[in-house]
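What TrEMBL annotates here:
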BINDING   10, 70, 146, 147, 148, 149, 177, 197, 198  substrate binding site
BINDING   35, 37, 70, 175  divalent metal cation binding site
ACT_SITE  37  active site, proton acceptor
ACT_SITE  175  active site, proton donor
């Protein structure tokens with residue numbers, strides 16, 4: 001079983017006026033990676049930031065933090081090379097945003113980044129399945145993408161369970177409304193990469209929240225390996 005518990009704070013929940021120091025603070029609090037939400041105002045209603053911001057962050061925080069780019073954009077092909085040059089480590093695009101996932105997967109790999117493939121709540125997990133052996137991570141959205149602070153959609157958990165049963169060593173990420181209240185459901189379903197925004201960053205003690213999330217996921221992974 002190749003996967004492990006990883007917690008990635010969603011930095012969009014930070015005070016955006018001091019994003020560099022917020023990224024450093026999250027890593028010091030035990031984050032395994034940083035989840036960066038890129039929104040273009042087209043694929044989703046909001047606009048966030050692009051590769052110039054990622055480049056500045058990379059310079060500010062150094063090479064260590066793993067940048068997981070969640071590309072909520074309508075033309076994901078357009079930003080592969082700029083994001084790679086800016087210092088992104090993983091490029092997670094939406095299945096709904098491209099007509100040629102295979103080509104895009106190849107392009108991301110060739111640019112030196114890991115490949116993530118995301119699906120919105122309305123997209124079936126079977127649509128992702130043909131690509132699962134070609135990607136590093138599947139992202140199951142547990143809210144509609146585009147806004148922070150939404151309520152966790154528990155009815156997305158069967159997608160996670162199905163992916164875990166079909167692709168036992170795949171990294172499976174959940175994103176949206178995930179925190180101490182919903183982490184047990186995510187962990188039991190088989191998610192191992194946990195994106196958490198306000199529950200971690202808005203907490204008085206992010207370190208303890210990150211540790212709690214990781215412990216719950218690690219215990220579920222251990223239990224799964226014992227049950228096999």
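Note that Cβ sites are derived from N, Cα and C of the backbone, with glycine treated the same way.
Curation plays no part in TrEMBL annotations; they are all automatic predictions.
Here residue 198 (substrate binding site) comes close to 13, 148, 149, 179: these same-chain residues lie at least six apart in sequence, with C-beta atoms under 8 angstroms from its C-beta. There are 27 other CB atoms within 10 A of the CB of residue 70 (divalent metal cation binding site), with all protein chains counted. The Cβ of residue 35 (divalent metal cation binding site) lies under 8 Å from the Cβ of 8, 9, 10, 11, 68, 70, 175, 195, each of these being in the same chain and 6 or more residues away along the sequence. Excluding 10, 70, 146, 147, 148, 149, 177, 197, 198, which define the substrate site, the same chain contributes 12, 13, 37, 143, 150, 175, 176 within 8 Å (Cβ to the Cβ centroid), listed in sequence order. Residues listed for substrate, 10, 70, 146, 147, 148, 149, 177, 197, 198, cover a largest CA to CA span of 17 Å. Residue 37 (divalent metal cation binding site) sits 9 Å from residue 146 (substrate binding site), taking the CA atoms of both as reference points. It is 177 that, of the binding-site residues 146, 148, 177, has its Cβ surrounded by the most other Cβ atoms within 10 Å.
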